[in-house]
Amino acid sequence: MTMPPPRPPRILVKRLAHAEGLALPAYQTAGAAGLDLAAALPHGTTLVLEPGGRHLLPTGFCLEIPEGYEAQVRPRSGLARKHGVTVLNTPGTIDADYRGEIGVILINMGDEPFEIVRGTRIAQLVVAPCVQAELIETHTLSDTERGEDGFGSTGHGSHQ
């Protein structure tokens, strides 16, 4: 007997005045993991993100994320591939107790200026369960095959 999928969390969304007329963040396909976030720039404004430049962009929305969940602001792959534009602090974590406007820090790693206007989809928001761990201080840790090796220590190249 298969169990029905768990009910997705409900997130309350507060629309700020500068987001009037913009669509709510939304999944673009039935299988999408992320809700698209759009720039809530003033009408008629074009923001030019120069190569190497970064800017904090408003989305015009605040969220009430349920306890036990978080949201991550992540890059849109098309912006990165086509223009070299990505989210600087990726992933940007939105905690369940944060109630301010969702902002997106974009950086242009490309060679050309990138223009952003009101409604440009600039990032995606992925909601996921999270837990707070209990840390217990100790003088020793259990041994593993890997041990203290890190940063590329598990190998290089292909697995042939």
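Residue numbers in this text run from 1 along the chain shown.
The backbone N, Cα and C atoms fix where each Cβ goes, glycine too.
Per Swiss-Prot, substrate binding site is recorded for Arg76, Ser77, Gly78, Asn89, Thr93, Ile94, Asp95, and the stated evidence type is sequence analysis. What Swiss-Prot lists as region 'Disordered' is 139-160. Taken from Swiss-Prot, the feature compositional bias 'Basic and acidic residues' applies to 139-149. The feature compositional bias 'Gly residues' is assigned by Swiss-Prot to 150-160.
Annotated features, which come from Swiss-Prot, shown on the structure.
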{"residue": "Arg76", "record": "substrate binding site", "Cβ within 10 Å": "20"}
{"residue": "Ser77", "record": "substrate binding site", "Cβ within 10 Å": "10"}
{"residue": "Gly78", "record": "substrate binding site", "Cβ within 10 Å": "10"}
{"residue": "Asn89", "record": "substrate binding site", "Cβ within 10 Å": "11"}
{"residue": "Thr93", "record": "substrate binding site", "Cβ within 10 Å": "11"}
{"residue": "Ile94", "record": "substrate binding site", "Cβ within 10 Å": "21"}
{"residue": "Asp95", "record": "substrate binding site", "Cβ within 10 Å": "11"}
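DSSP assigns Thr93 (substrate binding site) to a strand segment in the three-state reduction. When the record's substrate-binding residues Arg76, Ser77, Gly78, Asn89, Thr93, Ile94, Asp95 are compared pairwise by CA position, the greatest distance found is 26 Å.
In the compositional bias 'Basic and acidic residues' (139-149), helix, strand and coil residues by DSSP number 0 helix, 0 strand, 11 coil. The DSSP secondary structure for Arg76 (substrate binding site) is coil.
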